[in-house]
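Report on the structure given below.
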């Protein structure tokens, strides 16, 4: 009740119970206009408590961080603590400061963010505090120890930063040296960055530090373990550690059995801890869109090429209906018109007809029937091969190079030709049946076309589904759209200010996505200069991007070691997947749209159930970064390619069968991964000193792989 809340706040103010008042403000989420009056009353009578206000969408985003929460300050009184309830967007708080009686909004700049480290205890006691907690956790019962051990890393970082910020440099150095060896191995890279921050001045320009400060580190802990921790800190009067827990950590409490060490290890490791369970609750339409129907004449001539060995021709019905398999609407599919998709052109329909004919001859893969693998090795690629893509019909292959060129090859006997000059085109009879053939200039025919335009290494390439266009993205901060009719650049899309690491066309064409060093992914349409959506939330570079098969969602992998799923319709983040221990470099959706596979520098492939928002598998075997992942056309096999010079094939059917996705698992994240993923491994294929950077299944399930030979 608002009146009651105002009355209580005023009572606490009159009796000078500042700490209780702060906790109440925080726990009651004093947000929005409704509580404006109460907050104003509190703020005007005390310079100590800053009010927090919700940020409108797009104002500051996740980088704005929880500076509002930090500004509340003060040391909490341990007598009247409430359990922190899960807060939806505690990160999306904007910091307000009181200036001369009025309240002015202020984006959380560096000094505001760092000022949270002002409250400090006796610097000489930090080691004692930390080792006291460490001893308590190590002596607690096994079932609680694994969960409470998650506190070590975030507490270590915040206590170290607090010492550095308050210029206790020798204490900070001693603290770091004594405890950094106790942290989990997957935080070593972060600790290396941290070890370089030894002075207050270093903190101001350090992005990793700011991220750590502005996004609350999320820990998922059972209620029993949390109560145990709280009781211990109250008894020991350990205010310093309790302040950090309150200010900088978000403890996501669940009811039920504590998780085991193995279950926790599978899910942790990202820059900001685990995902809040709330983050993966939104409904996701992961089903496929219904294919448009049209009749396909299946000619007997199509069979002639196949029947040179004198086998009798099979009798075929003269008509078949494309899309007849998916006549029924998938119950998990988005509404057909949820996002506007381009209309099918006649050439698209023709391509779909070809696709159906090819699919009829597709090899059914499985453990007993593995695909053949055809490897395209780029030899003498002294320019440095940085990206590869292959068209859906496997007729062209493109390479992006570090010398800023984009090179397109034809991998069929049909050579690449440009359209004739305008003067010659005017002489052509537009009504003739073979007009599409006549407009091509035979004099330009060649197996290779080189596209010049970028001014830095090309990190991503993507063919449009209709094979008329090609995208490339580069260190120069641009994404370029090239015509494959004229082999010239049509548009340069400028939105990223820093290198763009990846780009990909939607499976329906028209839309495309890009992700880069500026930590955001952008959704574009080919006919717009400006992005349609900006997906902000990652805490480090967006390293790879992928469209869901129904084009309503986009997955992004990042150097913050998380994968996010974004809704194209409204730009919301609907899934956050944590578990990788290194930057993510490859993503692949299963053909039915239900699952996502992700690969990273940690050499693991993780499998995710998109509907339930859960990790459902872990494939171990690679010994280096996984740069390529692809499901076979029917989803029976997952292929992975790595910098360890191998292609591995995994049994996807077996990996996804008998999934335990009951409500309890979904609610608490008690995932049970099989001990050994070797029984899912169907084959390992070595290349000759060639890291694998791209994989592609042809329409008949032949696996194509690509990479550049390295002589080292």
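Just so it is clear, glycine is given a Cβ too, placed from its N, Cα and C backbone atoms.
A quick note: this is a predicted structure, and the numbers were derived from the prediction, not measured.
Lifted from TrEMBL, the feature list:
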COMPBIAS  296-307  compositional bias 'Acidic residues'
COMPBIAS  319-330  compositional bias 'Basic and acidic residues'
DOMAIN    121-249  domain 'TFIID subunit TAF5 NTD2'
REGION    296-346  region 'Disordered'
REPEAT    378-419  repeat 'WD'
REPEAT    451-486  repeat 'WD'
REPEAT    493-524  repeat 'WD'
REPEAT    535-576  repeat 'WD'
REPEAT    577-610  repeat 'WD'
REPEAT    619-651  repeat 'WD'
Selection from 378-419, 493-524, 577-610, 619-651, the stretch that has most Cβ pairs under 8 A to the repeat 'WD' (451-486): 378-419
Arithmetic mean of per-residue pLDDT over the repeat 'WD' (535-576): 95
Number of helical, extended and coil residues in the repeat 'WD' (535-576), per DSSP: 0 helix, 24 strand, 18 coil
